[in-house]
Amino acid sequence: MSSGSIHVITGPMFSGKTSELVRRIKRFMLSNFKCIIIKHCGDNRYNEDDINKVYTHDLLFMEATASSNLSVLVPTLLNDGVQVIGIDEAQFFLDIVEFSESMANLGKTVIVAALNGDFKRELFGNVYKLLSLAETVSSLTAICVKCYCDASFSKRVTENKEVMDIGGKDKYIAVCRKCFFSN
């Protein structure tokens, strides 16, 4: 087994997870590693016409491959000699754990960016299962939009109760513990 690794970047909305993912991927690219970023095909928040880019909240972008299933990409990743795999919005991929573990066991570096919980502060997807498999876990915070303290939670500001409701500032705010419970 080659020496691969899994690195998890987690935090609430607006904490800079995608920016950190892009920064790490660019760092590997500068060292001539073959890299790819994969995003969920349902994430079209910033450009509905171009699904093959991952965007930060400040509208910086990087080329990406959009998919709803990571496992179907394995043959392409192996054939293309990809060494570093970045995955944005990993909470939306049902096969994130199996994919990340198998790629790391094949010698790939896997960098996963995902929410630390849903809008109710409950586990979101299977990302939490990666924590015990990861070499590193980076937990980011945002700034609470109400009191300007560190914010660890994402609060939905719409009435939709569906767990999967992709959006940005139009649907979510970052809040601290105290402000999560206030109106």
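Cβ atoms here come from the backbone N, Cα and C positions, even for glycine.
Classification of E89 (active site, proton acceptor) by DSSP places it in coil, neither helical nor stranded. What Swiss-Prot lists as active site, proton acceptor is E89.
Other Cβ atoms within 10 Å of the Cβ of G16 (ATP binding site) number 18 in total over all chains. Taken from Swiss-Prot, the feature ATP binding site covers G11, P12, M13, F14, S15, G16, K17, T18.
The feature substrate binding site is assigned by Swiss-Prot to F119, V163, M164, D165, I166, G167, with similarity to another entry given as support. The local packing around F119 (substrate binding site), expressed as other Cβ atoms within 10 Å of its Cβ over all shown chains, amounts to 24.
According to Swiss-Prot, the Zn(2+) binding site annotation covers C144, C147, C176, C179. Sequence-distant neighbours of C176 (Zn(2+) binding site) (same chain, 6+ apart, CB under 8 A from its CB) are C144, K146, C147, C149, D150, A151, S152, F153.
Checking Cα-Cα distances from K17 (ATP binding site) against the recorded positions (E89, F119, C179) with a 10 Å cut-off leaves E89, in sequence order. Separating the Cα atoms of F14 (ATP binding site) and E89 (active site, proton acceptor) is a whole-number distance of 12 Å. The Cβ of P12 (ATP binding site) lies under 8 Å from the Cβ of L115, N116, G117, T141, A142, A151, S152, F153, S154, A174, V175, each on the same chain and at least six residues away in sequence. Taking Cα separation as the measure, C179 (Zn(2+) binding site) is nearest to M13 of the recorded positions M13, G16, E89.
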